[in-house]
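Enquirer: Below are the structure tokens for one structure; questions will follow.
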Amino acid sequence: MHTALRSILIVTKSGHREAEALGERMRAWLAARGLSARVVENTGDAVSLAVAGQECSLALVLGGDGTILGVARRLLGSGVPLLGVNLGKVGFLAEVAATRWESSLERLLSGGVTVQERLALSFRVERDGATVHSGGAVNDVVINRGILARVINLDLRVGSERLGELRADGLIVSTPTGATGYSVSARGPLVHPQLHVYTVTPICPFLNNLLPLVLPGEARLSVTVRDRTNEVYLTQDGQEGYALQAGDVVHVERAPGGMLFATIEELSYYRKLKAKGFIKDQA
């Protein structure tokens, strides 16, 4: 879908002078063309970011994939589309190269913003019948062992159907956006970002008793921690963690509203896979 540009929020990587300077140049460039823009630093404060984004029609995020992920997670359900400007290394989530930002913004102004809705995840941790922790994820929700090199025991259920027990280093529940992250390193599948599905991939499963699964977006996954001797943690997008206890049940499902990404279609998904080394042409 397309949306008209009214005002723009520019979010810069925390403590990054290059990002701050570029943000100010962008603000001045947009102001010269009649658009209001505000520059804020990504401090990790979800409330202040949500307030800043209330009046904007687009959020430009200046940084690497980590910065883009953090901002995207805090904008879940806000209805504000996000466009990443790559100042990092991999830059798979970024649509715009920092060296070509002016031409990219010119395309935005001339054609409006094309918005793509992507599936995101919500989760909650149930302990003794009560919810003790909850949140959202743009890339993945991971349940993994602590510092000791021991497998952990998890019990998996999809809806009312029990899949069985998994003994592994952990489990990755990934969105299509996160399929090129931790999930693919654990032999999870590449998934087109426009598909409304999510994947379940074990990390080093003992005896390989569970292969990666692709679940419909409407499916609800429940993971019960059976381990009583090892440390077990839940992490969201590799950035925020929570210690789990034996008997905890982690419920994962599709987040309402999903995540909105703006696109200017400079590079197709398949060309991006090739450019980042996920597909290698042998010809």
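Cβ atoms here come from the backbone N, Cα and C positions, even for glycine.
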Enquirer: For the NAD(+) site that Swiss-Prot gives with ASP65, GLY66, ASN139, ASP140, ARG150, ARG167, ASP169, THR180, GLY181, TYR182, SER183, VAL184, SER185, which of GLN239, GLN245, GLN282 also belongs there?
Expert: GLN239
Enquirer: Quick check on the recorded positions: of ASP65, ASP169, whose CB has the lowest count of neighbouring CB atoms inside 10 Å?
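Expert: Lowest Cβ count within 10 Å among the recorded positions (ASP65, ASP169) is ASP169.
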Enquirer: If you skip the near sequence neighbours and keep only those at least six away, which residues in the chain come within under 8 angstroms of SER183 (NAD(+) binding site), Cβ to Cβ?
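Expert: Those within reach of SER183 (NAD(+) binding site), by Cβ under 8 Å and sequence separation of 6 or more, are ASP140, ILE172, SER174, PRO189, THR199, THR201.
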Enquirer: Including all protein chains displayed, how many Cβ atoms other than that of ASN139 (NAD(+) binding site) lie within 10 Å of its Cβ?
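Expert: Step by step: centre on the Cβ of ASN139 (NAD(+) binding site), count other Cβ atoms within 10 Å, giving 28.
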